[in-house]
Amino acid sequence: MAWGHRTTVCLVLLGVSLGLAIIVLAVVLPHHQASCRPDAFTRAAVAADSKICSDIGRVILQQQGSPVDAAIAALICTGVVNPQSMGLGGGVVFTIYNASTGKVEVINARETVPASHDQRLLDQCTNALPLCTGAQWIGVPGELRGYAEAHRRYGRLPWAQLFQPTIALLREGFRVPPILSQFLNTSFLQPCLNSSTLRQLFFNGTETLRSQDPLPWPALANTLETVAKEGAEVLYTGKLGQTLVEDIAWQGSQLTVQDLAAFRPKVVEPLEMALGNYTLYSPPPPAGGAILSFILNVLKGFNFSAETVAGPEGKVNMYHHLVEALKFAVGQRWRLWDPYSHPGIQNISQDLLRETLAQHIRQQIDGRGDHQLSHYNLSGVRGNSMGTSHVSVLGEDGSAVAATSTINTPFGAMVYSPRTGILLNNELLDLCWRHKPGSTVTPPPVPGEQPPSSMVPSILINEVQGSKLVIGGAGGELIISAVTQAIVNKLWLGFSLTDAIAAPILHVNSKGHVEYEPKFNQEVRKGLQDRGQSQSQSQRPVFLNSVQAVFQEGPCVYAASDLRKAGKASGY
């Protein structure tokens, strides 16, 4: 009996011990898993392509502004710090997640075709020099009405408050930032700048301004003050718009005050696609979300992970499949026509998200990369490869904004309005690459049409794990390649957010050739060549891809701005 009693007591004690151990593990493990790295923020973050603009966005959040408020303030700043990329003379696309409703919306304020555009504009596509275009390529700017619509729907602070930091920046002795200086003093841009009206802004006599030179820009400061006080309508139906139109008319622009008054941003549903445990929300055509979704939908079927790419052959295999998916994607870019101007293709972009198409494409991908262009439906028409800016914001309540803005190629049309301080876009150049594969006919522009775009401001949400990735990029046709690889690196390969963005990328051009960023892994590069992947013979002068992202993982918030553009994120 004594032995049995002792056994019972031991079993009871063992059970109690196991129970306590389970309780301890249940309490300790979540805390361990939720521990944040030293570079994490705990509440909110902003990732713009410069530190000063990220900081301005952060301050707006700390003043109880909404993520949309912060994004707008950061974009206004970026139009000054990186005017070669974006500004009031361009267009913007917002993808916005409202944590209180769980709803995602897209605000599309991309530029449009003016009513009195040159009827023979597209005849100039073949000979167009994207870096020396001109007034005939100017689209109706949508930037400010895009801000106004986003602020009307989601703003919290007074409109004028969003402009004050940048007005102060201009009034207090603004100097040329290093990145702007690089663009101003790049050999392939200088001849165009020298012959343009931008001379009066960016030249000191016969020399272009250099880093830290004073950059007086009183006209833009005055414009921002007017817009802050009177609202966006002063540009679209007021005196500022009249001044802008008059300034650029003598440079060949056919933009009218009627074009400005007629512009309306579109509020639309995002494209939505399951990506493992995440849901990807991205902008529909004419933005590039359908192409980004298509690529990731194809790639997810191959189940790449950190383990599968651990060895050299695994890396080569993954990049081979990526290259092949990018080739098929380039062949689908014609689907990005504006569905409002071309209703016949309204549902074509949705086809790109279908699992049946993804499965079909996977079956077309084998171990070789030397198939004919027709295998991928490639047309050989090249898009622009630089320009644009992106801001990602995550607010304290979990709401998020991904916003991409552009004037198209560096310095846009290189047309300057001296009385408003606004640089104009050359967005109509993007109409040149919207003909179908196998056809040499490019449909004539439609007044009010928005040109196709590679912009992909995107938000990926994992409701179960409480994770969120807010991401987008710049770089023209490089955007989708760069954003795809950043997402793959982060979500599938387990990179830190900073490393996911910093990793050298590859890109597939319209001829199916692979272009490698400097410092791309040479072993992988050789492995791809062994599989028949052809390298582009004309290496681009510089890779201008730039990705900004914020990643929320439980209580941890990580933000990264691309060092390629000397960016730095900010948060708290």
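Using N, Cα and C of the backbone, Cβ positions are placed for all residues, glycine too.
Per Swiss-Prot, the features are as follows:
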| type | residues | note |
| --- | --- | --- |
| TOPO_DOM | 1-6 | topological domain 'Cytoplasmic' |
| TOPO_DOM | 30-572 | topological domain 'Extracellular' |
| CARBOHYD | ASN98 | N-linked glycosylation site |
| BINDING | ARG110, THR406, GLU427, SER453, SER454 | L-glutamate binding site |
| CARBOHYD | ASN185 | N-linked glycosylation site |
| CARBOHYD | ASN194 | N-linked glycosylation site |
| CARBOHYD | ASN204 | N-linked glycosylation site |
| CARBOHYD | ASN277 | N-linked glycosylation site |
| CARBOHYD | ASN303 | N-linked glycosylation site |
| CARBOHYD | ASN347 | N-linked glycosylation site |
| CARBOHYD | ASN377 | N-linked glycosylation site |
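For ASN303 (N-linked glycosylation site), the nearest neighbour among the listed recorded positions (ASN98, ASN185, ASN194, SER454), judged by C-alpha distance, is SER454.
Apart from ARG110, THR406, GLU427, SER453, SER454, the residues listed for L-glutamate, the same chain places the Cβ atoms of GLY91, VAL93, GLU111, PRO286, ALA287, THR388, ASN408, ASP430, PRO451, PRO452, MET455 within 8 Å of the centroid of those Cβ atoms.
A straight line from the CA of GLU427 (L-glutamate binding site) to the CA of ASN277 (N-linked glycosylation site) spans 36 Å.
DSSP gives ASN98 (N-linked glycosylation site) a strand state.
Distance noted between the C-alpha atoms of ARG110 (L-glutamate binding site) and ASN185 (N-linked glycosylation site) is 29 Å.
Within the same chain, residues at least 6 positions away in sequence whose Cβ sits under 8 Å from that of THR406 (L-glutamate binding site) are SER85, MET86, GLY90, GLY91, VAL92, GLY387, THR388, SER389, ASN425, GLU427, SER453, MET455, ALA474. Maximum C-alpha to C-alpha distance over the listed L-glutamate-binding residues ARG110, THR406, GLU427, SER453, SER454 is 12 Å. Averaged over the topological domain 'Extracellular' (30-572), the predicted model reaches a pLDDT of 94. Every protein chain shown contributes to the tally, and the Cβ of SER453 (L-glutamate binding site) ends up with 28 other Cβ atoms within 10 Å. Closest by Cα distance to ASN98 (N-linked glycosylation site), from the glycosylation sites ASN185, ASN277, ASN377, is ASN277. Taking each of the recorded positions ASN185, ASN204, ASN277, ASN303, SER454 in turn and counting other Cβ atoms within 10 Å of its Cβ gives the largest count for SER454.
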